[in-house]
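**Student:** Below is one structure. I have some questions about it.
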Amino acid sequence: MSRRTGVERIVLCFFVYLFVISADGADLKNLNIWPMPKSVSYGLGTLYLSNDFELNTKGSKFVDASGILKDAFLRSIDVVRATHVIEANTSKIDASLVLKGIHIVVSSPSDELQHGIDESYQLHIPAQGNPLYAHLQAQTVYGALHGLQTFSQVCHFNIKSRGIMVHQVPWTIVDQPRFSYRGLLIDTSRHYQPLPVIKKVIDSMTYAKLNVLHWHIVDSQSFPLEIPSYPKLWNGAYSMSERYTIADAVEIVSYAKKRGINVLAEIDVPGHAQSWGVGYPYLWPSADCKEPLDVSNEFTFKLIDGILSDFSKIFKYKFIHLGGDEVNTSCWQSTPHVRKWLRRHGMNGSEAYQYFVLRAQKIALSQGYDIINWEETFNNFGSKLSRKTVVHNWLGSGVAQRVVKAGLRCIVSNQDKWYLDHLDALWQDFYTNEPLTNITDPSNKPWSLVERSARGPNTSMHLILSRRYGHGPQQLQRLWTAYEKLAKDPEQVRGRLSYFRCLLNQRGVAAAPLDGLGRAAPEEPGSCYVQ
(Lines of atoms letter the chains of each structure in order from A and count residues from 1; the text may use other names and numbers.)
(Lines give C-alpha, C1' and ligand atoms only; values in the text may rest on other atoms or scores of the structure.)
Protein backbone atom coordinates (compact mmCIF):
# COMPACT_ATOMS: atom_id res chain seq x y z
CA MET A 1 0.00 0.00 0.00
CA SER A 2 1.10 3.60 -0.34
CA ARG A 3 2.53 5.41 2.67
CA ARG A 4 0.14 7.81 4.41
CA THR A 5 0.64 10.45 7.06
CA GLY A 6 -1.34 12.84 9.26
CA VAL A 7 -5.09 13.12 8.62
CA GLU A 8 -5.09 10.28 6.09
CA ARG A 9 -3.82 7.87 8.75
CA ILE A 10 -6.40 9.04 11.28
CA VAL A 11 -9.21 8.50 8.79
CA LEU A 12 -7.96 5.00 8.09
CA CYS A 13 -8.10 4.14 11.79
CA PHE A 14 -11.86 4.68 11.68
CA PHE A 15 -12.64 3.01 8.39
CA VAL A 16 -9.96 0.35 8.06
CA TYR A 17 -12.29 -2.57 8.72
CA LEU A 18 -14.09 -1.86 5.48
CA PHE A 19 -10.97 -2.80 3.55
CA VAL A 20 -9.90 -6.07 5.16
CA ILE A 21 -8.82 -8.57 2.51
CA SER A 22 -8.40 -12.26 3.25
CA ALA A 23 -5.17 -13.86 2.09
CA ASP A 24 -7.10 -17.12 1.77
CA GLY A 25 -8.46 -15.62 -1.45
CA ALA A 26 -6.68 -14.60 -4.60
CA ASP A 27 -5.44 -11.13 -3.65
CA LEU A 28 -1.89 -11.77 -2.45
CA LYS A 29 -0.06 -9.19 -4.51
CA ASN A 30 0.42 -6.86 -1.54
CA LEU A 31 1.24 -9.58 0.98
CA ASN A 32 4.96 -9.99 1.64
CA ILE A 33 5.12 -12.65 4.35
CA TRP A 34 7.26 -15.74 3.81
CA PRO A 35 6.41 -18.53 4.31
CA MET A 36 2.71 -17.99 3.69
CA PRO A 37 0.65 -18.42 6.89
CA LYS A 38 -2.33 -20.74 7.06
CA SER A 39 -4.79 -17.85 7.26
CA VAL A 40 -4.25 -14.11 6.91
CA SER A 41 -6.44 -11.05 6.85
CA TYR A 42 -5.15 -7.50 6.69
CA GLY A 43 -6.37 -3.99 6.11
CA LEU A 44 -5.14 -0.62 4.89
CA GLY A 45 -4.14 1.13 8.10
CA THR A 46 -0.71 2.24 9.29
CA LEU A 47 0.80 2.49 12.75
CA TYR A 48 4.12 3.59 14.21
CA LEU A 49 6.19 1.13 16.21
CA SER A 50 6.96 2.78 19.53
CA ASN A 51 10.56 3.69 20.31
CA ASP A 52 9.90 1.96 23.63
CA PHE A 53 8.14 -1.05 22.18
CA GLU A 54 7.62 -3.48 25.05
CA LEU A 55 6.85 -7.10 25.86
CA ASN A 56 3.82 -7.86 28.04
CA THR A 57 3.27 -11.45 29.22
CA LYS A 58 0.43 -10.92 31.69
CA GLY A 59 -1.78 -14.01 31.80
CA SER A 60 0.84 -16.29 30.25
CA LYS A 61 1.51 -19.64 31.95
CA PHE A 62 5.06 -19.64 30.61
CA VAL A 63 7.28 -17.99 33.22
CA ASP A 64 10.31 -17.77 30.89
CA ALA A 65 12.88 -18.69 33.52
CA SER A 66 15.50 -19.35 30.84
CA GLY A 67 14.75 -16.14 28.93
CA ILE A 68 13.75 -17.88 25.67
CA LEU A 69 10.78 -15.60 25.03
CA LYS A 70 12.37 -12.35 26.18
CA ASP A 71 15.51 -12.98 24.12
CA ALA A 72 13.44 -13.83 21.04
CA PHE A 73 11.43 -10.64 21.48
CA LEU A 74 14.59 -8.54 21.70
CA ARG A 75 16.11 -10.25 18.65
CA SER A 76 12.95 -9.64 16.63
CA ILE A 77 12.89 -5.96 17.46
CA ASP A 78 16.64 -5.59 16.92
CA VAL A 79 16.46 -7.14 13.46
CA VAL A 80 13.65 -4.74 12.51
CA ARG A 81 15.53 -1.68 13.75
CA ALA A 82 18.92 -2.68 12.38
CA THR A 83 18.24 -1.66 8.78
CA HIS A 84 18.45 2.10 9.45
CA VAL A 85 19.10 4.63 12.19
CA ILE A 86 15.75 5.39 13.84
CA GLU A 87 15.19 9.15 13.97
CA ALA A 88 11.43 9.33 14.59
CA ASN A 89 10.34 10.28 18.10
CA THR A 90 7.12 8.40 18.76
CA SER A 91 6.54 10.16 22.09
CA LYS A 92 5.49 13.20 20.03
CA ILE A 93 3.01 11.26 17.89
CA ASP A 94 -0.67 10.76 18.69
CA ALA A 95 -0.84 7.68 20.94
CA SER A 96 -3.72 6.28 18.87
CA LEU A 97 -1.24 5.84 16.00
CA VAL A 98 1.54 4.18 18.02
CA LEU A 99 1.82 0.45 18.67
CA LYS A 100 3.07 0.39 22.25
CA GLY A 101 4.03 -3.27 22.56
CA ILE A 102 3.09 -6.88 22.06
CA HIS A 103 1.09 -8.94 24.53
CA ILE A 104 2.13 -12.61 24.38
CA VAL A 105 0.18 -15.37 26.10
CA VAL A 106 1.66 -18.89 26.06
CA SER A 107 -0.60 -21.68 27.34
CA SER A 108 2.04 -24.27 28.23
CA PRO A 109 4.48 -23.64 31.09
CA SER A 110 7.03 -26.04 29.56
CA ASP A 111 10.08 -25.10 27.50
CA GLU A 112 10.70 -28.69 26.38
CA LEU A 113 11.70 -28.78 22.72
CA GLN A 114 10.99 -32.05 20.99
CA HIS A 115 9.65 -33.48 17.77
CA GLY A 116 5.92 -32.92 17.31
CA ILE A 117 5.43 -30.04 19.74
CA ASP A 118 2.69 -27.55 18.98
CA GLU A 119 4.20 -24.72 16.87
CA SER A 120 0.96 -22.92 16.04
CA TYR A 121 0.26 -19.28 16.87
CA GLN A 122 -2.32 -16.55 16.40
CA LEU A 123 -1.23 -12.96 15.82
CA HIS A 124 -3.52 -9.95 15.88
CA ILE A 125 -2.38 -6.37 15.31
CA PRO A 126 -5.35 -4.04 15.77
CA ALA A 127 -5.85 -0.66 14.16
CA GLN A 128 -7.41 0.80 17.30
CA GLY A 129 -6.91 0.50 21.04
CA ASN A 130 -5.95 2.38 24.16
CA PRO A 131 -3.27 1.43 24.82
CA LEU A 132 -2.51 -0.12 21.44
CA TYR A 133 -0.89 -3.57 21.64
CA ALA A 134 -0.33 -6.42 19.23
CA HIS A 135 -1.60 -9.74 20.60
CA LEU A 136 0.16 -13.08 20.14
CA GLN A 137 -1.22 -16.38 21.46
CA ALA A 138 0.50 -19.75 21.28
CA GLN A 139 0.24 -23.13 22.91
CA THR A 140 4.03 -23.33 23.39
CA VAL A 141 6.82 -20.80 23.58
CA TYR A 142 8.16 -22.14 20.29
CA GLY A 143 4.92 -21.26 18.54
CA ALA A 144 5.30 -17.78 20.01
CA LEU A 145 8.81 -17.56 18.51
CA HIS A 146 7.34 -18.22 15.05
CA GLY A 147 4.75 -15.55 15.70
CA LEU A 148 7.47 -13.04 16.54
CA GLN A 149 9.23 -13.86 13.28
CA THR A 150 6.02 -13.15 11.38
CA PHE A 151 5.53 -9.93 13.33
CA SER A 152 9.02 -8.81 12.32
CA GLN A 153 8.07 -9.19 8.64
CA VAL A 154 5.16 -6.74 8.86
CA CYS A 155 7.35 -4.01 10.40
CA HIS A 156 9.25 -1.77 7.98
CA PHE A 157 11.46 1.29 8.11
CA ASN A 158 9.72 4.27 6.51
CA ILE A 159 12.13 6.63 4.77
CA LYS A 160 9.77 9.61 5.14
CA SER A 161 8.99 9.27 8.84
CA ARG A 162 12.48 7.88 9.64
CA GLY A 163 10.80 5.36 11.93
CA ILE A 164 9.44 1.80 11.94
CA MET A 165 5.93 1.49 10.56
CA VAL A 166 3.42 -1.36 10.70
CA HIS A 167 1.45 -1.22 7.48
CA GLN A 168 -1.77 -2.98 6.49
CA VAL A 169 -3.36 -3.06 9.94
CA PRO A 170 -5.44 -4.67 11.25
CA TRP A 171 -3.65 -7.99 10.87
CA THR A 172 -5.14 -11.31 11.92
CA ILE A 173 -2.93 -14.32 11.28
CA VAL A 174 -3.67 -17.92 12.25
CA ASP A 175 -0.74 -20.16 11.48
CA GLN A 176 0.79 -23.60 11.94
CA PRO A 177 3.35 -25.68 10.03
CA ARG A 178 2.52 -28.29 7.45
CA PHE A 179 5.36 -30.60 8.54
CA SER A 180 6.63 -31.14 12.08
CA TYR A 181 10.20 -31.73 10.83
CA ARG A 182 11.68 -28.96 8.68
CA GLY A 183 15.39 -29.49 8.48
CA LEU A 184 18.67 -28.24 7.10
CA LEU A 185 21.75 -30.47 6.97
CA ILE A 186 25.24 -29.06 7.46
CA ASP A 187 28.38 -31.17 6.95
CA THR A 188 31.27 -30.20 9.25
CA SER A 189 33.38 -33.23 8.45
CA ARG A 190 34.19 -32.31 4.87
CA HIS A 191 34.23 -28.56 5.61
CA TYR A 192 34.91 -27.62 9.22
CA GLN A 193 32.91 -24.59 10.35
CA PRO A 194 33.66 -22.57 13.50
CA LEU A 195 30.97 -21.91 16.11
CA PRO A 196 30.13 -18.34 14.99
CA VAL A 197 29.34 -19.60 11.49
CA ILE A 198 27.14 -22.43 12.77
CA LYS A 199 25.32 -19.93 14.98
CA LYS A 200 24.75 -17.69 11.96
CA VAL A 201 23.20 -20.63 10.12
CA ILE A 202 20.94 -21.28 13.13
CA ASP A 203 19.91 -17.63 13.25
CA SER A 204 19.10 -17.67 9.55
CA MET A 205 17.01 -20.83 9.97
CA THR A 206 14.67 -19.01 12.34
CA TYR A 207 13.80 -16.43 9.68
CA ALA A 208 12.24 -19.18 7.57
CA LYS A 209 10.76 -21.17 10.50
CA LEU A 210 12.98 -24.24 10.11
CA ASN A 211 13.21 -26.37 13.26
CA VAL A 212 15.89 -29.07 12.83
CA LEU A 213 19.62 -28.60 12.32
CA HIS A 214 20.85 -31.95 10.99
CA TRP A 215 24.50 -31.94 12.06
CA HIS A 216 26.49 -34.35 9.88
CA ILE A 217 29.37 -34.10 12.31
CA VAL A 218 31.80 -36.78 11.16
CA ASP A 219 32.58 -38.61 7.93
CA SER A 220 35.46 -40.30 6.12
CA GLN A 221 37.38 -37.06 5.78
CA SER A 222 37.53 -35.94 9.42
CA PHE A 223 36.30 -36.64 12.96
CA PRO A 224 36.25 -33.19 14.59
CA LEU A 225 34.15 -33.88 17.72
CA GLU A 226 35.48 -34.69 21.18
CA ILE A 227 34.20 -38.03 22.52
CA PRO A 228 35.14 -38.40 26.23
CA SER A 229 34.63 -42.17 26.25
CA TYR A 230 37.09 -42.56 23.36
CA PRO A 231 39.36 -39.49 23.43
CA LYS A 232 41.53 -40.53 20.49
CA LEU A 233 38.65 -40.35 18.00
CA TRP A 234 39.18 -36.68 17.29
CA ASN A 235 42.73 -37.46 16.25
CA GLY A 236 40.94 -37.85 12.94
CA ALA A 237 40.23 -34.09 12.76
CA TYR A 238 41.87 -32.05 10.00
CA SER A 239 43.96 -30.17 12.56
CA MET A 240 44.13 -29.30 16.25
CA SER A 241 42.20 -26.08 15.65
CA GLU A 242 39.46 -27.69 13.54
CA ARG A 243 37.78 -29.49 16.41
CA TYR A 244 34.65 -29.18 18.55
CA THR A 245 34.89 -29.70 22.29
CA ILE A 246 32.01 -31.12 24.31
CA ALA A 247 31.40 -27.60 25.57
CA ASP A 248 31.15 -26.43 21.94
CA ALA A 249 28.53 -29.08 21.16
CA VAL A 250 26.55 -28.19 24.29
CA GLU A 251 26.65 -24.53 23.27
CA ILE A 252 25.35 -25.30 19.77
CA VAL A 253 22.46 -27.36 21.17
CA SER A 254 21.62 -24.66 23.73
CA TYR A 255 21.86 -21.84 21.19
CA ALA A 256 19.59 -23.73 18.81
CA LYS A 257 17.03 -24.61 21.50
CA LYS A 258 16.62 -20.94 22.45
CA ARG A 259 15.60 -20.38 18.82
CA GLY A 260 13.21 -23.32 18.61
CA ILE A 261 15.59 -25.58 16.69
CA ASN A 262 16.40 -29.19 17.52
CA VAL A 263 19.86 -30.55 16.72
CA LEU A 264 19.98 -33.96 15.05
CA ALA A 265 23.42 -35.56 15.39
CA GLU A 266 24.69 -38.02 12.79
CA ILE A 267 27.41 -40.65 12.77
CA ASP A 268 27.47 -42.42 9.40
CA VAL A 269 28.21 -46.14 9.93
CA PRO A 270 29.55 -48.50 8.79
CA GLY A 271 30.74 -46.59 5.70
CA HIS A 272 31.91 -42.98 5.70
CA ALA A 273 34.03 -43.69 8.79
CA GLN A 274 37.65 -43.89 7.69
CA SER A 275 38.60 -40.98 9.98
CA TRP A 276 37.64 -43.04 13.03
CA GLY A 277 40.64 -45.27 12.53
CA VAL A 278 43.20 -42.47 12.82
CA GLY A 279 42.89 -42.67 16.59
CA TYR A 280 41.87 -46.33 16.76
CA PRO A 281 43.45 -48.16 13.80
CA TYR A 282 41.90 -51.51 14.73
CA LEU A 283 38.54 -50.13 13.59
CA TRP A 284 39.87 -50.49 10.05
CA PRO A 285 39.64 -53.94 8.45
CA SER A 286 43.28 -53.40 7.47
CA ALA A 287 45.82 -50.66 6.90
CA ASP A 288 45.19 -50.95 3.18
CA CYS A 289 41.39 -51.24 3.41
CA LYS A 290 40.01 -48.65 5.84
CA GLU A 291 36.24 -48.69 5.43
CA PRO A 292 33.62 -49.84 6.18
CA LEU A 293 34.33 -50.22 9.90
CA ASP A 294 35.42 -53.73 10.86
CA VAL A 295 32.20 -55.73 11.29
CA SER A 296 34.11 -58.64 12.82
CA ASN A 297 35.57 -56.60 15.71
CA GLU A 298 33.50 -56.37 18.90
CA PHE A 299 35.37 -53.19 19.75
CA THR A 300 33.62 -51.51 16.81
CA PHE A 301 30.23 -51.88 18.48
CA LYS A 302 31.55 -51.12 21.93
CA LEU A 303 32.87 -47.83 20.58
CA ILE A 304 29.55 -46.98 18.87
CA ASP A 305 27.81 -47.60 22.18
CA GLY A 306 30.27 -45.25 23.90
CA ILE A 307 29.72 -42.51 21.33
CA LEU A 308 25.95 -42.73 21.64
CA SER A 309 26.19 -42.78 25.42
CA ASP A 310 28.16 -39.53 25.29
CA PHE A 311 25.70 -38.14 22.73
CA SER A 312 22.75 -38.85 25.03
CA LYS A 313 24.18 -36.34 27.51
CA ILE A 314 24.34 -33.61 24.84
CA PHE A 315 21.82 -34.22 22.07
CA LYS A 316 18.33 -34.40 23.59
CA TYR A 317 16.42 -34.69 20.32
CA LYS A 318 14.56 -38.01 20.18
CA PHE A 319 16.25 -39.01 16.92
CA ILE A 320 19.82 -40.07 16.15
CA HIS A 321 21.05 -40.45 12.56
CA LEU A 322 23.13 -43.60 11.99
CA GLY A 323 23.82 -43.13 8.28
CA GLY A 324 24.17 -46.49 6.57
CA ASP A 325 24.57 -45.25 2.99
CA GLU A 326 27.08 -46.07 0.25
CA VAL A 327 28.49 -49.17 1.94
CA ASN A 328 30.92 -51.10 -0.27
CA THR A 329 31.51 -54.46 1.41
CA SER A 330 34.35 -55.57 -0.86
CA CYS A 331 36.82 -54.49 1.82
CA TRP A 332 35.35 -57.01 4.25
CA GLN A 333 35.44 -59.77 1.67
CA SER A 334 39.03 -59.08 0.68
CA THR A 335 40.45 -58.88 4.22
CA PRO A 336 41.45 -62.35 5.52
CA HIS A 337 40.31 -62.10 9.15
CA VAL A 338 36.99 -60.46 8.22
CA ARG A 339 36.41 -62.99 5.43
CA LYS A 340 37.03 -65.78 7.97
CA TRP A 341 34.51 -64.19 10.35
CA LEU A 342 31.93 -63.98 7.55
CA ARG A 343 32.34 -67.68 6.75
CA ARG A 344 32.07 -68.62 10.42
CA HIS A 345 28.80 -66.71 10.73
CA GLY A 346 27.43 -67.86 7.37
CA MET A 347 27.24 -64.34 5.94
CA ASN A 348 28.09 -62.73 2.66
CA GLY A 349 28.92 -59.04 2.34
CA SER A 350 25.30 -57.91 1.97
CA GLU A 351 24.18 -59.91 4.99
CA ALA A 352 27.05 -58.48 7.05
CA TYR A 353 25.95 -54.98 6.04
CA GLN A 354 22.46 -55.76 7.34
CA TYR A 355 23.91 -57.26 10.52
CA PHE A 356 25.96 -54.13 11.19
CA VAL A 357 23.08 -51.69 10.63
CA LEU A 358 20.62 -53.66 12.75
CA ARG A 359 23.11 -54.06 15.58
CA ALA A 360 23.87 -50.33 15.54
CA GLN A 361 20.12 -49.71 15.64
CA LYS A 362 19.77 -51.86 18.76
CA ILE A 363 22.54 -49.87 20.45
CA ALA A 364 20.79 -46.60 19.64
CA LEU A 365 17.45 -47.92 20.90
CA SER A 366 19.12 -48.96 24.16
CA GLN A 367 20.24 -45.34 24.56
CA GLY A 368 16.63 -44.16 24.16
CA TYR A 369 16.84 -42.89 20.59
CA ASP A 370 14.60 -43.39 17.59
CA ILE A 371 16.73 -44.10 14.53
CA ILE A 372 17.21 -42.42 11.17
CA ASN A 373 19.03 -44.27 8.39
CA TRP A 374 19.77 -43.33 4.80
CA GLU A 375 17.51 -44.96 2.23
CA GLU A 376 19.92 -47.73 1.14
CA THR A 377 19.10 -49.59 4.35
CA PHE A 378 15.41 -49.62 3.42
CA ASN A 379 16.11 -50.48 -0.20
CA ASN A 380 18.20 -53.50 0.83
CA PHE A 381 16.45 -54.87 3.94
CA GLY A 382 13.56 -52.61 4.78
CA SER A 383 11.43 -55.30 6.41
CA LYS A 384 14.20 -56.00 8.94
CA LEU A 385 14.57 -52.40 10.18
CA SER A 386 13.28 -51.39 13.59
CA ARG A 387 9.74 -50.04 13.45
CA LYS A 388 11.16 -46.90 15.04
CA THR A 389 13.25 -46.25 11.94
CA VAL A 390 12.90 -43.07 9.90
CA VAL A 391 14.14 -43.64 6.36
CA HIS A 392 16.06 -40.71 4.89
CA ASN A 393 15.45 -40.43 1.15
CA TRP A 394 18.25 -38.76 -0.80
CA LEU A 395 18.81 -40.66 -4.04
CA GLY A 396 15.66 -39.88 -5.99
CA SER A 397 11.88 -39.81 -6.17
CA GLY A 398 9.34 -42.50 -5.30
CA VAL A 399 11.02 -43.67 -2.09
CA ALA A 400 8.72 -41.87 0.36
CA GLN A 401 5.67 -43.56 -1.15
CA ARG A 402 7.15 -47.02 -0.56
CA VAL A 403 8.43 -46.16 2.92
CA VAL A 404 5.13 -44.89 4.31
CA LYS A 405 3.28 -47.80 2.70
CA ALA A 406 5.58 -50.07 4.71
CA GLY A 407 4.51 -48.24 7.87
CA LEU A 408 7.72 -46.30 8.44
CA ARG A 409 8.43 -42.59 8.48
CA CYS A 410 10.44 -40.85 5.80
CA ILE A 411 12.58 -37.73 5.51
CA VAL A 412 12.57 -36.40 1.95
CA SER A 413 15.64 -34.56 0.67
CA ASN A 414 16.07 -35.98 -2.81
CA GLN A 415 19.38 -34.78 -4.18
CA ASP A 416 18.15 -33.87 -7.66
CA LYS A 417 15.95 -31.12 -6.18
CA TRP A 418 16.99 -30.22 -2.63
CA TYR A 419 20.76 -30.68 -2.43
CA LEU A 420 22.54 -27.36 -2.18
CA ASP A 421 25.61 -28.52 -4.07
CA HIS A 422 23.52 -29.31 -7.16
CA LEU A 423 24.20 -25.95 -8.70
CA ASP A 424 22.24 -26.63 -11.87
CA ALA A 425 18.86 -26.74 -10.07
CA LEU A 426 16.64 -23.71 -10.66
CA TRP A 427 14.52 -22.09 -7.98
CA GLN A 428 11.37 -23.18 -9.77
CA ASP A 429 12.48 -26.81 -9.35
CA PHE A 430 12.97 -26.27 -5.62
CA TYR A 431 9.49 -24.80 -5.30
CA THR A 432 7.61 -27.49 -7.21
CA ASN A 433 9.30 -30.49 -5.53
CA GLU A 434 6.38 -31.99 -3.60
CA PRO A 435 7.42 -34.52 -0.90
CA LEU A 436 3.96 -36.14 -0.74
CA THR A 437 3.77 -36.98 -4.43
CA ASN A 438 1.65 -40.14 -4.88
CA ILE A 439 1.04 -40.44 -1.13
CA THR A 440 -2.74 -40.39 -1.15
CA ASP A 441 -3.67 -42.26 2.02
CA PRO A 442 -4.36 -39.58 4.67
CA SER A 443 -3.21 -41.95 7.43
CA ASN A 444 0.26 -42.03 5.86
CA LYS A 445 0.76 -38.30 5.36
CA PRO A 446 1.79 -37.41 8.94
CA TRP A 447 4.74 -39.80 8.67
CA SER A 448 6.42 -37.79 5.95
CA LEU A 449 9.16 -35.38 7.00
CA VAL A 450 11.24 -33.03 4.90
CA GLU A 451 14.77 -31.69 4.88
CA ARG A 452 17.20 -29.99 2.54
CA SER A 453 20.81 -31.06 2.45
CA ALA A 454 24.13 -29.28 2.45
CA ARG A 455 26.06 -32.54 2.47
CA GLY A 456 28.90 -33.15 0.09
CA PRO A 457 32.50 -32.37 -0.83
CA ASN A 458 31.61 -29.10 -2.60
CA THR A 459 29.32 -27.60 0.03
CA SER A 460 31.03 -24.81 1.95
CA MET A 461 29.19 -22.64 4.47
CA HIS A 462 29.31 -19.75 2.02
CA LEU A 463 27.34 -21.92 -0.38
CA ILE A 464 24.87 -22.91 2.35
CA LEU A 465 24.03 -19.31 3.20
CA SER A 466 23.94 -17.99 -0.36
CA ARG A 467 22.43 -21.03 -2.07
CA ARG A 468 19.97 -21.97 0.65
CA TYR A 469 18.47 -18.50 0.67
CA GLY A 470 18.86 -17.79 -3.00
CA HIS A 471 17.02 -20.88 -4.21
CA GLY A 472 15.98 -22.27 -0.85
CA PRO A 473 13.05 -20.19 0.42
CA GLN A 474 10.83 -21.76 -2.25
CA GLN A 475 11.25 -25.12 -0.55
CA LEU A 476 10.96 -23.56 2.91
CA GLN A 477 7.45 -22.41 2.07
CA ARG A 478 6.57 -25.94 0.99
CA LEU A 479 7.66 -27.22 4.41
CA TRP A 480 5.50 -24.73 6.31
CA THR A 481 2.54 -23.70 4.19
CA ALA A 482 -0.55 -25.87 3.74
CA TYR A 483 -0.57 -27.62 0.37
CA GLU A 484 -3.76 -25.94 -0.79
CA LYS A 485 -2.15 -22.51 -0.21
CA LEU A 486 0.84 -23.24 -2.44
CA ALA A 487 0.89 -21.63 -5.86
CA LYS A 488 0.74 -24.16 -8.66
CA ASP A 489 2.78 -21.84 -10.90
CA PRO A 490 6.10 -20.76 -9.31
CA GLU A 491 5.96 -17.44 -11.13
CA GLN A 492 3.02 -16.47 -8.95
CA VAL A 493 5.35 -16.25 -5.93
CA ARG A 494 8.32 -14.60 -7.65
CA GLY A 495 7.60 -11.12 -6.31
CA ARG A 496 7.02 -12.23 -2.73
CA LEU A 497 10.07 -14.50 -2.86
CA SER A 498 12.25 -11.68 -4.17
CA TYR A 499 11.02 -9.50 -1.34
CA PHE A 500 11.98 -12.18 1.22
CA ARG A 501 15.42 -12.60 -0.36
CA CYS A 502 16.02 -8.85 0.03
CA LEU A 503 14.76 -8.98 3.61
CA LEU A 504 17.36 -11.66 4.32
CA ASN A 505 20.07 -9.51 2.75
CA GLN A 506 19.03 -6.70 5.10
CA ARG A 507 19.41 -9.12 8.01
CA GLY A 508 22.94 -9.99 7.03
CA VAL A 509 22.24 -13.25 5.21
CA ALA A 510 23.97 -13.39 1.82
CA ALA A 511 21.00 -14.79 -0.07
CA ALA A 512 21.80 -15.17 -3.76
CA PRO A 513 19.61 -13.78 -6.56
CA LEU A 514 16.64 -15.87 -7.64
CA ASP A 515 17.60 -16.09 -11.28
CA GLY A 516 20.64 -18.00 -12.42
CA LEU A 517 22.32 -21.16 -11.19
CA GLY A 518 23.80 -21.93 -7.81
CA ARG A 519 26.58 -19.42 -7.30
CA ALA A 520 25.58 -17.00 -10.02
CA ALA A 521 26.12 -13.31 -9.37
CA PRO A 522 23.51 -10.75 -10.46
CA GLU A 523 23.57 -10.44 -14.23
CA GLU A 524 23.84 -6.65 -14.05
CA PRO A 525 23.43 -3.73 -11.62
CA GLY A 526 19.92 -3.23 -10.35
CA SER A 527 17.52 -3.31 -7.45
CA CYS A 528 17.61 -6.28 -5.11
CA TYR A 529 13.90 -6.76 -5.74
CA VAL A 530 14.32 -7.53 -9.44
CA GLN A 531 17.43 -9.73 -9.38
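All positions are counted from 1 along the displayed chain.
Heads up, the Cβ atoms here are built off N, Cα and C, so glycines get one too.
Copying in the features that TrEMBL gives for the protein in this structure:
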- 1-25: signal peptide (SIGNAL)
- 33-153: domain 'Beta-hexosaminidase eukaryotic type N-terminal' (DOMAIN)
- 179-434: domain 'Glycoside hydrolase family 20 catalytic' (DOMAIN)
- Glu326: active site, proton donor (ACT_SITE)
**Student:** Does the residue listed as 'active site, proton donor' have same-chain partners at least 6 apart in sequence with Cβ under 8 Å from its own Cβ, and which are they?
**Tutor:** Gly271, His272, Trp374, Glu376
**Student:** For the domain 'Beta-hexosaminidase eukaryotic type N-terminal' (33-153), what does DSSP give as the number of helix, strand and coil residues?
**Tutor:** 33 helix, 36 strand, 52 coil
**Student:** Note the mean pLDDT of the domain 'Glycoside hydrolase family 20 catalytic' (179-434), expressed as a whole number.
**Tutor:** 93
